[in-house]
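Asker: Questions regarding the structure given below will be posed in turn.
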Amino acid sequence: MAVQLFFTEEQRKVFKSSFKSIDADGDGKITPEELKAAFKSIEIELTQEKIDEMMSMVDKDGSRPVDFSEILMKKAEQMRGKGAQYFKAFDALDTDKSGSLSPEELRTALSACTDPPMTKEEIDAIIKKADGNNDGEIRRAEFVRMIQSSY
C-alpha cells in the first residue's frame, strides 16, 4: 500500500499496536462500539454523536467499521498538513538557502530560543542524531523526520 511508504517501520508498528488495542474482537476493523469502549477504558465518556463524528473523519468510504488502511490514510493526511509547516520552519532556518542546515544556522536558531544558549556539544549531538547521511548538515527530509520523531 502506497500510504505505508509515507511512514517509517517504527511508526507503522506504533500505529498497528494502537489499532489492535482498540480492535477488541481482532477482526481488523474498528467499530463505533469499540472506539467508545476504548475511550471509556481511559475514563473518557463520549456521546454517540461524538463517536459518529470521529468515525466519519476516518471512514472516507462510508463502509463502517474502519480498517487499518483508513487509519493510516488519515494519519498521512494529518502529517502532510504538518509537513508544510515543517517546510516553512526549515526554510526560515536555512538562511543561506543551501537546502540544508549547517551547524552555524542551527546554533543561531537555537541560541535565539533557548536560555541559556545551547552549547556547541548539545547542537552537535542534535545534528549527529538527525543527520541520516552523515554529511554534517541537516537536509529538509532529515529535519522533518527529526521534528516528527520528537512528538
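The backbone N, Cα and C atoms fix where each Cβ goes, glycine too.
Marked as Ca(2+) 1 binding site by Swiss-Prot on the basis of sequence analysis: ASP23, ASP25, ASP27, LYS29, GLU34. The Ca(2+) 2 binding site feature in Swiss-Prot is assigned to ASP59, ASP61, SER63, GLU70. Annotation source Swiss-Prot lists Ca(2+) 3 binding site at ASP94, ASP96, SER98, SER100, GLU105. The Ca(2+) 4 binding site annotation in Swiss-Prot covers ASP131, ASP135, GLU137, GLU142. Taken from Swiss-Prot, the feature domain 'EF-hand 1' applies to 10-45, supported by sequence analysis. Residues or ranges marked as domain 'EF-hand 2' by Swiss-Prot: 46-78. The annotation domain 'EF-hand 3' is assigned in Swiss-Prot to 81-116. Per Swiss-Prot, the feature domain 'EF-hand 4' maps to 118-151.
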Asker: If I take the alpha carbons of ASP27 (Ca(2+) 1 binding site) and ASP61 (Ca(2+) 2 binding site), what is the distance between them in whole Å?
Answerer: 18
Asker: Suppose you look only at the domain 'EF-hand 1' (10-45); what would the mean pLDDT be?
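Answerer: Averaged over the domain 'EF-hand 1' (10-45), the predicted model reaches a pLDDT of 91.
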Asker: Could you measure between ASP131 (Ca(2+) 4 binding site) and LYS29 (Ca(2+) 1 binding site) for me? Cα positions, answer in whole angstrom.
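Answerer: Per the Cα atoms, ASP131 (Ca(2+) 4 binding site) and LYS29 (Ca(2+) 1 binding site) stand 38 Å apart.
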Asker: Closest to ASP96 (Ca(2+) 3 binding site): which of the binding-site residues ASP23, LYS29, ASP61, SER63, ASP135, going by Cα position?
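Answerer: The smallest Cα gap between ASP96 (Ca(2+) 3 binding site) and any of the binding-site residues is with ASP135.
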Asker: How many whole Å apart are the CA atoms of GLU34 (Ca(2+) 1 binding site) and ASP94 (Ca(2+) 3 binding site)?
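Answerer: Just about 46 Å between their Cα atoms.
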Asker: Compute the C-alpha separation of ASP94 (Ca(2+) 3 binding site) from GLU142 (Ca(2+) 4 binding site), stating it in Å without decimals.
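Answerer: About 13 Å separate the Cα atoms of these two residues.
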Asker: Mind giving me a neighbour count for ASP25 (Ca(2+) 1 binding site)? Other Cβ atoms within 10 Å of its Cβ, every protein chain shown.
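Answerer: Result for ASP25 (Ca(2+) 1 binding site): 10 other Cβ atoms within 10 Å.
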Asker: State the non-local partners of the domain 'EF-hand 1' (10-45) in its own chain: residues 6+ outside its ends, Cβ under 8 Å from one of its Cβ atoms.
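Answerer: Non-local partners: 4, 51-52, 54-55, 64-68, 71-72, 75.
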Asker: Mind tallying the domain 'EF-hand 2' (46-78) by DSSP state, helix then strand then coil?
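Answerer: Breakdown, helix to coil: 22 helix, 2 strand, 9 coil.
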Asker: Between LYS29 (Ca(2+) 1 binding site) and GLU70 (Ca(2+) 2 binding site), what C-alpha distance do you get in Å?
Answerer: 10
Asker: Just jot down the residues in the same chain as GLU142 (Ca(2+) 4 binding site), at least 6 apart in sequence, with C-beta under 8 A of its C-beta; none if empty.
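Answerer: Listed in sequence order: ALA130, ASP131, GLY132, ASN133.
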Asker: In the domain 'EF-hand 3' (81-116), how many residues does DSSP put in helix, strand and coil?
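Answerer: Taking each residue of the domain 'EF-hand 3' (81-116) in turn, the totals are 24 helix, 2 strand, 10 coil.
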Asker: Going by Cα-Cα distance, pick out whichever of the binding-site residues ASP25, ASP61, GLU70 is nearest to GLU105 (Ca(2+) 3 binding site).
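Answerer: For GLU105 (Ca(2+) 3 binding site), the spatially nearest of the binding-site residues is GLU70.
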Asker: What is the three-state DSSP composition of the domain 'EF-hand 1' (10-45), stated as helix, strand and coil residue counts?
Answerer: 23 helix, 2 strand, 11 coil
